[in-house]
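Here is the structure we will look at, set down as structure tokens.
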Amino acid sequence: MKIKFHLSEKFINFGFFLITGISVLILNLYPVWYLKKNAPEGRTYNMVHNNVQDYHFYQALMNEGAGGSWLIYDPYTSESHQPSIIFSYFTWLGKISRVFNISYVYTYHLARILGSILFFIAAFKLLSVIKLPHKRLAWLFFLFTPPLFTLRAVGDKLDKIPYMYWWTGMDPVRRASYLPHHMIGAFLLIWSVILILRFFYSGKIKYIVFTSIVALPMAFVHTPSLLILLIILPPSIIIWLLLRLLTSGNINKKPVMFLAFALFWTLSLLFLAFMVSQTDKGFPWSQYREWERNLQYPLNKELIGALGILFPLAVIGIIYSLLSLRFDRIFIAVWFVLPFLLIPLSSKFSISNIRLIQGIPYLSEAILAILGIDFLILLLKKFYKKFIPFRLPLSLSGSIYVLLGLVFLVHAYPSLIWSIKDSIREFSPIFGNVYLDNRLFNAFDYINDNYPQKTLTLGTFYTGNYLPVYTHTVSFIGHSGYTDKLSEKESLVFKFFEHKMAPEEAKSFILDNRITLVFQGPEEKPIYSGYLYPDVLKPVYDRQEATLYVLK
């Protein structure tokens, strides 16, 4: 007796989603695991996966939250300033760390992985909502589409490097689990798109109400995601209206729907404006506007190459979407195209051009590429039926999609390998702020046991960057964006640790800047290995790896 097993389409899709999603997350986490496993004896790899300064900044904010703060203060400058709600969700993570007794680094990585899982679920759901053909291939495109490679001068030789290698949000391995707030922002953006499409096709007001509710945390967690949504919604509606009027003369939608969209858009704009208003509170929060104006990347030279081999197919998909007259497909096309068209104007609007590619372009590109392929196959089928007198063993479209999937994976493989190797290469050098000397944790414990919160501490730049993660201190310098007057301060700090100040000058420097504690650790002792200013400073903690001083 033969037993037949029948797997439902939903089960197959779920299994495919699970296997591929877990696979790309494993690829993302592998460099961190590898580097931690191979850390030098006596040192702890801090599991950094991105910009080291910002990585420590986020965990310093978590430390503030564990210490009782809800709003954040700048842990890298000595000047008085107002606390802010910007990035304050990291204080929540710190409270979670404290409640469950989990280290900040593990809580941070759990947050970004959880954000990635939610992001993947939302993306897979969107593919179902828009009833996309060949959803599994679209999912592969979304997960693994890599930038093209180009030749770049690296030292004295040419090397193959992906376009936009400097922006980890485009790399298929790194973008799978990027910064926690980026992943949550991407999840909320996709979920908002799903709700908007539900509202458009059902007319049920609950969907636009839910979208309005989602807009608030999206503005708070990742403002660029809400900005993208506000940019693309009105043109999508206008283009759909114009195409409907030109083709059929019938809109077939109640005016109340468009009023609801207008109210949602206005409310979301207010949320966005509120978050922008937080940059009016002086340094360091005012720095964000300056960064936005000046942070302009060479996207005109890099973007098309970074979009990879799917870009020509996506262009065909855009045309096919407009011809379909379907709002969901028009929305996806506008989502992909419009932010790119606005890139040349970004500086005029005082925003960084990189914000305009933070709307998950590789998702909309994957969807449009499938539509482009579908359109080409329709044309091929017509040609096939007309000119080929015999039948193939498989359907033409099925054969083409299987072949495309295999070719795509072969194409993506070198980029995946490059990304993993590059992540390992980037953080392999044994720098003291990436691989901490384990003995330093005794010094950190001493500070936490004997000094109050927000104790202003003097160390060199790299020490100042990691100290607020492990101690409840504020660093005199420690971040290129969050230390006020950094260049001026850094020259004084280096002179101090070179032991080139006169005793009275050193004392005035400490008193004038309200410095309580001087940290002479692995970054500082190679500059001057002896005791610092013995007529002025008194060692309160003295070990081979670190000496801590206070004024006599």
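Quick reminder: no glycine exception, Cβ is built from N, Cα and C everywhere.
In TrEMBL, annotation is done automatically, which means it is predicted and not curated.
Annotation source TrEMBL lists transmembrane segment at 12-33, 110-130, 137-155, 175-197, 204-220, 226-246, 258-276, 303-323, 330-347, 359-380, 392-413.
Among the listed stretches 110-130, 175-197, 330-347, the one sharing the most Cβ pairs under 8 Å with the transmembrane segment (226-246) is 330-347.
Looking at which of 12-33, 110-130, 204-220, 303-323 has the most CB pairs under 8 Å to the transmembrane segment (175-197), the answer is the stretch 110-130. Here the listed stretches are 258-276, 303-323, 359-380, and the one with the most C-beta pairs under 8 angstroms to the transmembrane segment (204-220) is 258-276. Same-chain residues lying 6 or more positions outside the transmembrane segment (359-380) and placing a CB less than 8 Å from one of its CB atoms are 123, 126-127, 130, 132-134, 137-139, 141-142, 145, 170, 172, 175, 186, 189-190, 224-225, 228-229, 232, 307, 310-321, 329, 332-333, 335-336, 339-340, 396-397, 400-401, 404.
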